[in-house]
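Have a look at this one before I ask anything.
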Amino acid sequence: MSSIPASAFLALALILFCIGLYGALTKRNTVIVLISIELMLNAVNINLVTFSKYGINPSIDGQIFALFAMAVAAAEAAVGLAILMALYRNKKTVHIDEMNEMKN
Amino acid sequence: MTFSGEFFAFMALALVAIIGGVLLLNLNKVVHMVVALIFTFVSIAGVYILLSAEFVAAVQVLIYSGAITIIMLFGIMLTKPYDESEAKSGKWRKILVFLGVVGFAFAVYLGIYNFDIQQVPTTLHEDNTMQIGKGLYTKYIIPFEFVSVLLLAALIGAIVLAKREDKEADEE
Amino acid sequence: MNLHSILSILVFSPLLGIIVLAIIPKAQEKAIKAVGFLATLPALLLSLAVYAHFLAGKNLSDFSVSVPWIQFRGINVQEPIFSVYYELGINGFQLLMVVLTSVISTLAAIGACKFIKKEWKGYFMLFLLLVTGMLGVFTAENLILFFIFFEVTLIPTFFLIGKWGYFEKEKAAYSFLIYNGLGSAVLLIVIMVLFAKTGTTNIEMLKQMVADPQLFKGGFKLGLFIALLVAFGVKLPIFPLHSWMLRVHVQAPPSVVMIHSGILLKIGAYGLIRFGMGIFPQQFEKLATLIAILGVINLLYGAFLAFIQTDFKMVLAYSSISHMGIVLIGLAAMNEAGIQGAIFQAVSHGLISALLFFLVGVLYERTDTSLIENLGGLAKGMPLAAGFLLAGAMASLGLPGMSGFVSEFMAFLGLFKVQPWIAAVGTIGIIMTAAYLLRAVLGMTYGKAHREFDGVLDLRGVELVPVFVLMALIVLIGVYPSVLSSPLQATLETIMLGLGG
Amino acid sequence: MENAWLIPLFPLLSFMILLLIGKRLREASAYVGILLTLASLVFSILVLFERFSEPSYLAKFNWLTIGDLHLTAGFEVNQLNALMLFIVSLVSFLVHTYSKGYMHGDERFHIFYAYLGLFTFAMLGLVISPNILQTYIFWELVGVGSFLLIGFYYYKEEAKAAAKKAFIMTRIGDVGLLIGMILLFWQTKSFEYSEIFNAVEAGGVSNTMITLTAILIFIGAVGKSGQFPLHTWLPDAMEGPTPVSALIHAATMVAAGVYLVAALFPLFTASKTALLTVATIGGITAIFAASIGLVQTDIKRVLAYSTVSQLGYMMLALGSAGYVAGVFHLMTHAFFKALLFLAAGSVIHAVHTQNIEEMGGLWKKLKLTAPLFLIGTLAISGVPGLSGFFSKDEILVAAWEGGHPVLFLLALIAAFMTAFYMFRLFFMVFTGEKRGKQKDVHESPSVMTMPMVLLGILAVVAGYVNTPWFGSFLGDWLVDGNPALGHSHIEGPAWIMIAATVVSLAGILLAYLIYGKRSIAPDWLSGKGDMLHTVLNNKYYIDEFYKLTVVAFVTGFSYLLRFIDVFLVEGIVKGVTGIVQGLGRTGSKMQSGQVQTYGAVAFLGLAVLVVIYALTGGYLR
């Protein structure tokens, strides 16, 4: 039994998620945007792990899900960075507002 | 709520994590940001321990604080992140997004605030790693295998993408 | 043979033609035309058979069919929450519209053989699809099926106008699509609201459920009814919503305009009577004065504008608006005479405008113009065409002995009972109709010929078939209107019952 | 009488036959038309004689069912119908015969006969209709027949305009009839004449309604019978072939208005106002048209205005409650006016012009036509002994006894004018020197003159069926068993007859002095260039007045509406499409390609939804 209520963890996750979200939507540097996305994923992981402990039927499943999420996040970070590199080679910039190849 | 050691630990970790996040947003140099992020990641690992998930905490430290941070640092180093040209339409969007985020946080917080979940004693902390291992290799074996495929694909994809094409290499 | 399947065969028989057409090579013009024409015949014969069945005194409900079609279930509910049936049926009114549709379709197919100069294969495939849609519209017994068929008429018409029309065909096709698309969007909303509220789209059941004051409040029903009025008002078209129809009439190929003016516009009238009046009788009654005024506006507006047009097609287009005003006038009367007049007008205008547009097509083909001032003195070169043109105009301006009179007369008879003043204003339209039609037709056929029409061929061969058939039907209805009125009596009774009359 | 329904069908048959195979028959088409109208005539005579001894016959069947209402069609033979059947089929038969000569060599000979058949069918149908709806139906059909025949020379711009004008002007009247008929229907729940009269008699209809419907129906009659102010089409209708003018615009169709008023006489008598309206319009028309007739130079137009004027007489008679007088004059007028027109046609046939100033001295050349024309002229002028005298006298008596001294005076003056202009016409055409270029003038063939002879005989003797001297046989028969129609004969003061005679003789004398003997210069009354003459010559500028008011208004209003249509309605449409297009452009500009912006917008949308959800707790309520 824990003395900390589940909502405390959830609140922490929420705050981190919001920070990540804000960063992802406002930062110009693509690397930072990627990092912010990782932060959001982390916040989600906190929720997963929290619910694996709290609730009526606590089980290990939540932690396993968190692991899966981490694996996917790692893959995503790798591919994301690879794309970033490719882009950088072509456009000589890492600023996300200059990457508008999809325009029109 | 009692002011137990557990509580203080949580408060400390949470504080560090949030400060790390805030610094991530506000520091000037990209490298500094990444470093600030390491603090966040590590304290999240601490939070995992509080949630009786030692194995996840370990993986967190390894993958996030270790691998991903390093990849990001490489990314920063391989590009020129210090281009200081001003953003064109930054201000209004920042304010709007900020308001949106605050509203969103508020709305979700209302949900969390009223959220009262029942606690039952758990055995997660006993042989945590073994439990995860059993889970992964029995119930979740197929997703697990898929993840391995995914990682492979990501690996190859990343190589293909990041590899300089021969032509370009010739040109430079 | 099982009577229940007849309607389905009737509706879907043109599709058979599409399949056959699909395997005929593009270049075989004759075969394509023959198939396109033949494929309209089963529907014609079957619809006449159904009419004969009715004349034999048997029950039309023998034909109705109802099969479960789409069902939505809840998670743990055995009973479906919503279920849609495949329901076709026919009553007297629908029967008339089906017969009208099949007749005009067949004649339009003949017309198409004459007027369409390229890509017959695509034309006839779309055309047959359109025929299926129209037949379906008039036999569908539930709103969803109705809506599907309604849309099926929309798309082929769009392509038929846009591909085989005259100079500004694309513009005409787009404005057709946009207006009618908006109309059917509104219709869809109404259908969905009704469906969500009642769980059924069967028209008969809706009539009862909508009347239930617990399910629907008065104001809400009024809103739904106004939406219906707008949806079908676009089709009809009612005054400020008419501009698409002018373009279509001028730009579309004649054989398509025969269908369009002859049948598609009537879907608006059909919808207003069947759904507007059938499902929302009280609301209709509330707005009757407004509808009467709209009708008179339509009638006069169309007539006055037709008076100054220089293109005969435009005259006919405005005259369609004008004549649809009579439909509204009849409906607004809310009594047997008026409603019967409106239905008569729908049928009669279908025949008359098909005839006139066919003739316009012939004229255009021969002389490359439909401007009144460029023609003139046509009676010399083309006496038959000129004669039929005059006869058609006479029918259109409501000459007794032809179908136009009976409908006009009944519509006004009905309205004079309830709204004598509005009706009196409307009668100006009768004079104006004569004025603009004679101005146009005499301008084309009488007087000195502005140029030589020596080399111009008169109506001949297969062209005479549609002209004679349509003229014969027009005169038949005018002389012996019971052909139309006897199937209508049961339908009228039901409507009047709904109106509390 | 049970077979009276066959009478209209013979000409219809002729119409159909000629339409289908007329082209092959060529001029043999005439025999089809003549034989079939002869059949009609024979049946009509049989019916007429049968009616002398038997009561009226009525047959009907269900024509149209509207809910509980059953509209019927059928036929009726009463006195008026039988008489009209006889007149119409007789004149029609004669005109059919006459046309064989007159239309000889015309390219569209068979079409002419087909149209004649159609018209005869409609006219016969009109007069045996037992209800007002059926009357209306045939009423319109005769209008079409007339329209087609006026426009027979379709390549002539004047004929085209005249046909159009005739149709539209009569249609204006027809709408009045339609409205009146419908209003009457909702008052009495029936179109049947008998039931309408019963309802009116029983007081089931309010007085205002009776007056209103009667006047509306009278408007229909005004249109058809060329009464003021809807008369302008009738003179123009002379563009049609002359036999047509004789048949339609003299004897039958234009009399349909009078017939209608006569058929609905009980309705009119129920309202003083309606009767007064009829009488006034009739009186005004009589003198008005006669005054225009004074100066016309086209032979057919003179006759046309005289027709209008005579029809005004009939209306005046009916309006003065002189039912018998009106119908009697209708009959006599049919004979002598048809005669005049046919004779005029014969003249035109001979000299190939219609302008009387180019004629003259034809008495010697047209040995048969001229005397016949003289008989007609004498009859219409009301010279004692001929048919017109008796009927005109009846009318004058009716007007006097009806208590309209002013109208009586008008009628008397009109009688004078009639005598004057008719003899002016006669003298100018047949006497004096040869004017203009007349080449090989010869008498018409016998196929044309025989009908004229027959009509000439009738024009003389027809009056004797109803005279103050030998008994009023026609009047007694007409009102027999129908008290609502008034007295069979109105006894008037003797001086009226003398006055009428004096007046007409004075007119003849004056005409003789001016145009026959030429002892008075033609511009004695009104020199050319004189204002009165100009006004009369221009027919009181009625046409111009209509052009300036009605036509200009309609055209102007149409252009105004077109302006609305093009700019307002289309403008709204264009506005809407413009807005949509503008939105689309703005939207496409917002597609900046910046993923981050997209994400921000998407997220903001989500945030708004979530906040709303949090605040409201679910469905919007």
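Cβ atoms here come from the backbone N, Cα and C positions, even for glycine.
Caution: TrEMBL annotation is automatic and unverified by curators.
OK, TrEMBL features for this one:
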type: DOMAIN; residues: C:140-432; note: domain 'NADH:quinone oxidoreductase/Mrp antiporter transmembrane'
type: TRANSMEM; residues: C:6-24; note: transmembrane segment
type: TRANSMEM; residues: C:93-113; note: transmembrane segment
type: TRANSMEM; residues: C:120-138; note: transmembrane segment
type: TRANSMEM; residues: C:144-161; note: transmembrane segment
type: TRANSMEM; residues: C:215-234; note: transmembrane segment
type: TRANSMEM; residues: C:255-275; note: transmembrane segment
type: TRANSMEM; residues: C:287-308; note: transmembrane segment
type: TRANSMEM; residues: C:315-334; note: transmembrane segment
type: TRANSMEM; residues: C:346-364; note: transmembrane segment
type: TRANSMEM; residues: C:384-406; note: transmembrane segment
type: TRANSMEM; residues: C:418-438; note: transmembrane segment
type: TRANSMEM; residues: C:459-480; note: transmembrane segment
Decide whether the stretches the transmembrane segment (C:6-24) and the transmembrane segment (C:384-406) have at least 3 CB pairs under 8 angstroms, with pairs required to be 6 or more apart in sequence.
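Contact absent: fewer than 3 Cβ pairs fall under 8 Å.
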Report, as numbers and ranges, which residues of the same chain sit near the transmembrane segment (C:144-161): CB under 8 Å and 6 or more residues beyond its ends.
70, 84, 86-88, 122-123, 126-127, 129-130, 132-137, 169, 172-173, 176-177, 180-181, 184, 187-188, 191, 195, 201, 248, 251-253, 256, 259-260, 264, 267
Given the transmembrane segment (C:287-308), which of the listed stretches C:120-138, C:215-234, C:255-275, C:315-334 has the most Cβ pairs that are under 8 Å apart from it?
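The stretch with the most close Cβ contacts to the transmembrane segment (C:287-308) is C:315-334.
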Using Cβ atoms only, state whether the transmembrane segment (C:255-275) and the transmembrane segment (C:346-364) have three or more pairs under 8 Å that are 6 or more apart in sequence.
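Yes, these stretches are in contact.
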Is it true that the transmembrane segment (C:346-364) and the transmembrane segment (C:215-234) have 3 or more Cβ pairs under 8 Å, skipping pairs fewer than 6 apart in sequence?
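Contact absent: fewer than 3 Cβ pairs fall under 8 Å.
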Within the same chain, where does the transmembrane segment (C:315-334) have neighbours whose Cβ lies under 8 angstroms from its own Cβ atoms, ignoring anything closer than 6 residues to its ends? I mean 6 or more beyond.
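Sequence-distant neighbours of the transmembrane segment (C:315-334): 236-239, 242, 245-246, 249-250, 261, 265, 268-269, 272-273, 277, 284-285, 288-289, 291-292, 294-303, 305-306, 309, 340-343, 345-346, 349, 353, 356-357, 360, 372, 396, 407-408, 410-412, 414-415, 417-419, 423, 426, 429, 432-433, 436-437, 440, 499, 501.
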